[in-house]
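Student: My questions all concern the structure below.
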């Protein structure tokens, strides 16, 4: 159906009234699609700080601050408070279709020596029990039911990197990092005969390796190469998947091995596929190729710190401009295989609030408009719509100040969240810069024949916009924001040229057309990794109501369900590797391919491979390559590494934790690569190893 604003010029009044009364305000969010969030808007909630719906479960004593004057302590927010704000329409009217809640598991009860508490949910004690200050399992079930019945998905935070604060020399420090399995002590930090934890001191963040195998600050760091810990954490997340969660945000992914996390994702996707994204913090202007590699290879998306930091630099302090922002958009589309699955934001619990005291809220409004019309999965931090202020932790975690539905930002979010549900260009479309200078950025998102054109002026003077071209068809277009940010109408000519117009100072306009696509067009595939038999969901347009077929390259997959906009299939029994997916409708019309789905050899386990006496010259690194897809299929360009040699083992012994197929007879060798790409192979026979069905292992061999 064409954009209503284009039709207004020609429809008789009586017919127009009928259409307005019949038209839904937004497409209903599909809570059954747990792997595609590209058209959703996530609302991040620090559970303890949002709303106290049940005072009877509040803490007592030293860990509780009743008036929340001590932001390091519990303040009383709980799941009932979230339920209440769903039921009274605050979140649904805002257009929220997913909530990201604090880790729901039981956390430590002890007061940290510095006066801190576990209100934030990141100091886990027992992953198979709830945090009683948020609620019990029946409360959690009610939260899930309430959210789902209102078209809202639920994402949980998850911390498989560490338990809680601990000191090796002081068992009385907090709770000594103790971790429990449904009430039964597994172990603690200072008495660790089963080696559940790393005991390598704290990281100085000097290298990727150092940040993985040493403690993050004073947090007891799990040894994820320990089979007990590996199985406990994987069992625990399955418990919450069985409780109905729709997504997972994984904390501190930079501080765990990619190999173990890939095995975790394989486990999740085999059990209950849900959208999963991790936190890999990047500072302002920081670009990390390892970050891109992780997002492309681990099976997990990431919080898009490049997006978040750049938009803050443009609109908070002016240290960057729209040229820098556009460059970031272009480069990340190249660097991330699935850029539309990266989770975008303007602020969160680990950085200062976007709004700050004694400043205009206008740039917050502009930032929200850009966030909600850009590629990626947009996330709103609780209270941003109320212009909450605050510096770094804990000031950025103040209690929710108000639930006012009349703020400008609330209206902007509500309007654009609805547009995101209705127009697939915002979820699936590519980004094209159409007009730019330091103050002005006009960009277009398109998918099939659906188009959204957004114009932003962050400067203090208006601009005359000449020579703007667009993919919008001929017609007049009104501002979808309805002048919330001083937008205007535009006229598009038959050749795509837009008539000259004035773009207001600190103004934003959004123009759009929504067109159904007649032939099949894939917008999203999720997850993008899986073994034979796993379920994969394909969303897009023009698939038709009658069942067609889905191809992985030229191999047919079993169709589990089919509709015009969503298909579920089973990964076919094909050789492990990367495949391009296409949809063929019942009329034999075939879609363009959706590239690089990875078929795994089978279930995955994380194994530490190590090699002694591998001496190298400066600038040369060690890699591993072998006989399965997960080891590069003997292709040195796809070898795994570079390997490590500083913490768990020291040079000339090298090691790396790698996700490999379970119960598989592996053959492999180590190779040396210099900075020019020259390769030196090991001599002798291939190393051999049969992987276990579950758990972890370490394999140590000598260089040949």
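Cβ atoms here come from the backbone N, Cα and C positions, even for glycine.
Here Swiss-Prot flags 1-29 as signal peptide. Sequence annotations record features per position, and here Swiss-Prot assigns Ca(2+) 1 binding site to 52, 57, 58, 76, 78 based on similarity to another entry. As annotated by Swiss-Prot, disulfide bond applies to 68-75, with the evidence given as similarity to another entry. Swiss-Prot lists 122, 123, 162, 215, 216, 217, 218, 249, 254, 255, 349, 393, 397 with the feature substrate binding site. According to Swiss-Prot, the feature Ca(2+) 2 binding site maps to 161, 212, 221, 255, an assignment based on similarity to another entry. Residues annotated as active site, nucleophile in Swiss-Prot: 251. Here Swiss-Prot flags 279 as active site, proton donor. Taken from Swiss-Prot, the feature site 'Transition state stabilizer' applies to 350, supported by similarity to another entry. According to Swiss-Prot, the domain 'IPT/TIG' annotation covers 520-598. The annotation domain 'CBM20' is assigned in Swiss-Prot to 599-704 on the grounds of sequence analysis.
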Student: Give the distance between the Cα atoms of residue 78 (Ca(2+) 1 binding site) and residue 68 (disulfide bond), rounded to the nearest whole Å.
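Tutor: Cα to Cα, residue 78 (Ca(2+) 1 binding site) and residue 68 (disulfide bond) are separated by 14 Å.
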Student: Write down the Cα-Cα distance for residue 57 (Ca(2+) 1 binding site) and residue 68 (disulfide bond), rounded and given in Å.
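Tutor: That comes out at 16 Å between the alpha carbons.
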Student: Please report the Cα separation of residue 349 (substrate binding site) and residue 58 (Ca(2+) 1 binding site) in Å, rounded to an integer.
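Tutor: Counting only the Cα atoms, the answer is 22 Å.
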Student: Which of the three DSSP-derived classes (helix, strand, coil) applies to residue 221 (Ca(2+) 2 binding site)?
Tutor: strand
Student: What are the sequence-distant neighbours of residue 397 (substrate binding site), meaning same chain, six or more residues apart, C-beta distance under 8 angstroms?
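Tutor: Set apart from residue 397 (substrate binding site) by at least 6 residues yet with Cβ under 8 Å, we have 46, 49, 71, 120, 349, 390.
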Student: Which recorded positions from the set 75, 216, 251 come within 10 angstroms of residue 161 (Ca(2+) 2 binding site), judged by C-alpha positions?
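Tutor: Hits: 216, 251.
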Student: Other Cβ atoms within 10 Å is the metric here; tell me which of the recorded positions 52, 78, 218, 251, 279 scores highest.
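Tutor: That would be 78, with the highest Cβ count within 10 Å.
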Student: Which one of the binding-site residues (57, 58, 161) has its C-beta surrounded by the most other C-beta atoms within 10 angstroms?
Tutor: 161
Student: Neighbourhood of the Ca(2+) 1 site (52, 57, 58, 76, 78): other residues with Cβ within 8 Å of the Cβ centroid, in order?
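Tutor: Other same-chain residues with Cβ inside the cutoff are 48, 53, 54, 55, 56, 74, 77, 80, 81, 133.
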Student: Helix, strand or coil for residue 397 (substrate binding site)? Use DSSP.
Tutor: helix
Student: What are the sequence-distant neighbours of residue 350 (site 'Transition state stabilizer'), meaning same chain, six or more residues apart, C-beta distance under 8 angstroms?
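Tutor: In sequence order, 279, 281, 393, 396 meet the Cβ cut-off.
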